[in-house]
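Q: Dumping the structure here so I can ask a few things about it.
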Amino acid sequence: MSSLTDLERQSQDSKLSLTGMASQLGINIGISFGVLMVFNVLRPNNSLVYAPKYKYATKSQKPPAIKRGMFAWIRPVMKASDEELLDQIGFDAILFIRFMRMLRNLLYAMSFVGICVLIPINVAATSYTGFWGVELLSISTINYYDGKFHSEGNLSWYWAHTVGTWLFSLLIYRTIFYNYRAHVLFRKSYFETKDYQQATHARTLMILNVPAAMQSDTALGNWITSMDLPFPFLHASIGRHDSQLTKSVEEHEKAVRKLELLLSNHLLQGNKKNLTLITRPMMRTKWFGRGQKVDAIEYYSSRIQTLRQAITQLRSDTASDKRTTNYGWIVFSKPFMAHAVAQRLSAPSSPLLSLPRRLVQGAKPRVELAPPAKDLVWSNLAMNEHIRDSRRVVGSIVFYVFTFLWFIPSSFLSASSNVKNFIRLFPDADLFIQNHSTFVSLMSSWFSPVVMAIFFLILPKILRLLSQQQGYLTETSLDRQVLSKLYVFFMVNNLFVFTVSSVLLAMYAQIQLAAKDNRALTAQEFFETMGNVSTFWVNYVSLKGLGVVMDLAQIFGLISVTLRKLFTKPSPRQLREMTVPIGFDYPLYYNILLFFFTVGLMYSVIAPLVLPFTMFYFMLATMVFRYLLMYVYVTPVETGGQIWRVLINRLLISTVMYQLVMIGVLNLKGAVGQSSALIPLPFFTVLLKLYCRRYFDPHVYYQDPNDKSNFNQNLNHNRSQHKKKETNSNRHGFRDPALFAELPIPMVHERVRHLLPHLYR
């Protein structure tokens, strides 16, 4: 084993941490600068990759034009105000920018306090020990010298950290309160927009668990009429669904896409003269090389025709009352009427709950504001409520088992981030570390963060599939579920398991050394090692800063499109899909913002060095995501910022965790008085949540009933006008797309379309 003393070993560890951190920062800054230059060079000549929204957006949603200069994109991105961007990118995108800016502004204040107050206090409290490593900047080495913690030291230093915890908590409370109040006005402005007032879904209610006796348009309408609602409805319709029809429509689309790809590959190989000389593509009719070998083009052409005939017949059958479901729609003439009725029918005294017991078999009927039709997960709508509940329980169990089992590979990753302590488990460890210090530093700084970053690109897709199996009704509710699951997974595995396993590994090495020196290891040394783990988060945040620049440069998207064009023969449909703006992954990016802010918050007092790096990440992200939301990404479904409550709830949970950690840290440091002074903070956080739920949330979800005064004078006129204009299409605006959506027709490239007559014999 090593012959180094504790002080020498601590000095060696500090040197390795500083070397690794400095090397990674240098490499990341260099790569980021290079990638940024590549973006500036490529952007003017690759508008379909770097500004697809400018080509495809409508006139009212078209972003400002960007000149061809290398840095010309910065001015329009930073100059545009939220009000100017609202029509261009929508309420959900503006909420993302506001939330990111809110966290960034918090980090400005916290970083100022951390750098100008807490770090100097930590340095002053630790300087007399003679130790000048990176841990000097944290709370971990206060009263820690001669290789151990001295509880008889000066505990008054810890009052600064108590005040810091209170100050940061109060900053968060103030920020949440004012931004929550602003969000109420934000939602009100969304409800008052012309687009929302004219949207069919805004004046429609979705009723679920309709009893079997009410599952027809007439019966549902009579039932709603009998409830004596405050506003009359225009019409009620029961849902219709056929799983076989849905399956046939999906198979038809797959067959069309396969035929398009076959035609694209075959027709582009030749022309009218030599097309007959080229071997036609062949295929097996069953998987794994089984089934009859047939002409692929003829097979899919015939398959498409057969499916179209079957779909036509199934649509005719499903239109009858024989295929009705347990959900329906109630349409009003104005959105405020739908909101008022939804509140009435969701109350404990709702007439929905007064049905005779013999009519209600299973779950009781309930009403929700209807989401946009394209937001609905139609396959989940008709699901029995008991099956839905069972799936949610099973899905939750699967998720939590997966989350807690992930600590095994997470522990291996933590070992790689704490390479020096892992190596010390073996003989001649210190000699190896001395001779290979650069390798050890790079392994500590790079390997684990890179592996974690790759895994978390895949994780959201896994969680979305799991959430869909749980029976959630809309794509946006799936977004909220994915965000909630991502947050739990990140908190448990990244912040808790990863930190604790890293600390335990370091503790194991310290236990061995303590046993060798015949001394006891104190509980306070646990949190000394916890402070040391903060260097990993500095490295991780630094690496994600590089990831933000990669997002801006769209490197992977550019490479993917280029390679597919060079080495494949994409169909016209695929070519268009390559260049149209794609949906912004709100759950993934919201979770990254929440996670990094939580990391900064957790270590804000323990190791304030994390704060400026986290602040820099948010500064960079603010500019990058403004550009991406203006020119690259679109919002799949506009909800007017409905995800806000999920975000604030997670932010409050992070705040409580931070407060509890600080109570534990100070208590184990022997600062009992300082620790006790923090006990009220978690209760204040809970009180803030209760206040927001009572006074803000009702105005966030429903339109204020007082807003109906704007429409009262035209109420009778509008009611008669709506009845006159009500068409069959309007009456069934919330039908399953499988019942009416236009079936796709195979597309071929314009330059080879003249060869089609020679293809089919």
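Cβ coordinates are placed from backbone N, Cα and C, and glycine is handled just like the others.
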Q: For the annotation transmembrane segment in TrEMBL, which listed range does it cover: 84-104, 672-692?
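A: Going through 84-104, 672-692 one by one, TrEMBL gives transmembrane segment for 672-692.
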Q: Among 393-412, 546-567, 646-666, 672-692, which stretch has the most Cβ pairs under 8 Å to the transmembrane segment (588-610)?
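A: If we count Cβ pairs closer than 8 Å to the transmembrane segment (588-610), 646-666 scores highest.
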Q: Quickly jot the same-chain residues contacting the transmembrane segment (393-412) by Cβ under 8 Å, restricted to those at least six beyond its ends, or write none.
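A: Hits for the transmembrane segment (393-412): 463, 466-467, 469-470, 485, 488-489, 492-494, 497-498, 501.
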Q: Would you mind listing the long-range same-chain contacts of the transmembrane segment (546-567), meaning Cβ under 8 Å and 6+ residues beyond its ends?
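A: Non-local partners: 28, 31-32, 35-36, 38-39, 42, 46, 49-50, 453, 574, 578-579, 617, 620-621, 624, 627-628, 632.
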Q: What residues in the same chain, six or more past the boundaries of the transmembrane segment (616-634), come closer than 8 Å to it by Cβ-Cβ distance?
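A: Here the qualifying positions are 50-54, 63-64, 66, 73-74, 76-78, 80, 85, 88-89, 93, 96-97, 100-101, 103-104, 107, 541, 544-545, 548-549, 551-552, 554, 581-584, 589, 593, 596-597.
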Q: Are there residues at least six beyond either end of the transmembrane segment (672-692) with Cβ under 8 Å to its Cβ atoms? List them, or say none.
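A: Same-chain contacts beyond the flanks: 155, 158-159, 161-162, 165-166, 169, 173, 176-177, 180, 648-649, 652, 655-656, 659-660, 662-664, 666.
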